[in-house]
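Down below is the structure, laid out as structure tokens.
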Amino acid sequence: MNFNIIIKIICENIQLAPIINMVSYKELFNINDTDLIVPSDTLSEAVYDNSKLDYIFQNVNRRNRDEVEDESINIQTQLPKQQNQQISKDMSEVGSKQVSEIRPDSDSRWKLLRVMAGAHQGWVRSCTVDPVTNKWFVTGSSDSTIKIWDLASSNLKATITGHIMGVRSLAVSSRYPYLFSGSEDKTVKCWDLERTNSSSGCQIRNYHGHVGGIYAMALHPELDLLFTGGRDSVIRVWDLRSRTEIMVLSGHRSDITSIASQIGDPQIITSSMDATIRLWDIRKATTQLALTHHSKSIRSMAMHPQEMTMCSGDTSGNLKEWLLPGGELLNEFGHSGENKIINTLSINPSNNTLFSGYDDGRMEFYDYVSGDLLQSDATTPVTGSTESAIYASTFDMSGLRLITCEGDKSIKIWGEE
């Protein structure tokens, strides 16, 4: 399939820029049309019986922690060996090394590589990187649009419209050519990135049920389940096959700010503005454990991609590292005080660096193992703007680039010296 040709007739919801080179998931994974998500009456009936999700779980090959880590390494070694010249000239040469072999020096510093000024017409509130090829990333904005960008060149690949309010959360499937978005308009939408010849457009599904804005979402890494949460303080679990809401997880007393999903237990972890983190047993639809160590609202939480650990940050500048599945507190660091609101956290597994982005534009890089502060910096608003907040961030899959989404309507790309 020549994707460069069929993308020219992309659905009416997407406006394309001239440069198009998006991955074909059907080719990459050898997926046939019959393999795509379709309603399953058997599954729908099963999730509503007394056993809840037992039907799903009994069909999943459970893997131990070592196998999960091996899979993450295999994904990394499939990434391109030669980095794009536009990025490489600003960074140390990586030559033909495998991405998994790259271990930057501990004394290296992150510096600004590129400013995508005017990337959106409003605050840039969410971002995520393509988990399959590491070639593109997606951003959502308070201007209600979603944009897809080439990671190497930062060229705009597509603009997706359909939400009527700001886009606060995004998730890209690693199993299907689907993008999910959550908005302040209380809707979750599913976009088919390869449905280019459909007269109905690329928006293929709506998930209705939330009564407030949707601020967080996550896809289960193995099961066809989507988790969403937001202002209504509950987490809704959606069956992607039957398109139905299969359960509601209640317990938080304020906005849901982050959701993380993993293969092992606890399969769902959430953070909230009520200053708690909850670990959920989704087989029983109950809270397995509530962590109450934070004294202020938690705006961000990040899970280590290769370890059973996670980190959370609150509005007083405190960072806490946790061990899973038991929720033991491993470390506390950060700088507590006023005006130290942490909006976003990201973990770079290639060198165990934790990035913390603040509401006042400050940026901090920590050694994830020791909690030592490695670098403290600040972003500079683009000309004509006084907004400096960093709202969202993510490392690419190689760990060589950091993407920050900011209040000055820009996107910034950072790399190590």
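The backbone N, Cα and C atoms fix where each Cβ goes, and this holds for glycine too.
Noted in Swiss-Prot for the protein shown:
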- 119-159: repeat 'WD 1' (REPEAT)
- 162-201: repeat 'WD 2' (REPEAT)
- 209-248: repeat 'WD 3' (REPEAT)
- 251-290: repeat 'WD 4' (REPEAT)
- 293-334: repeat 'WD 5' (REPEAT)
- 337-376: repeat 'WD 6' (REPEAT)
- 385-417: repeat 'WD 7' (REPEAT)
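Long-range Cβ contacts of the repeat 'WD 7' (385-417) within its own chain (Cβ-Cβ under 8 Å, at least 6 residues beyond either end) map to 75-76, 79, 83, 87, 90-92, 94, 99, 102, 104, 108-129, 131, 134, 137, 139, 141, 149, 151, 154, 343-351, 355, 357-361, 363, 378-379. When the stretches 119-159, 162-201, 337-376 are ranked by Cβ pairs under 8 Å to the repeat 'WD 3' (209-248), first place goes to 162-201. Secondary structure counts, DSSP: the repeat 'WD 6' (337-376) has 0 helix, 23 strand, 17 coil. In the repeat 'WD 7' (385-417), helix, strand and coil residues by DSSP number 0 helix, 18 strand, 15 coil. For the repeat 'WD 3' (209-248), residue counts in helix, strand and coil come to 0 helix, 22 strand, 18 coil, using DSSP.
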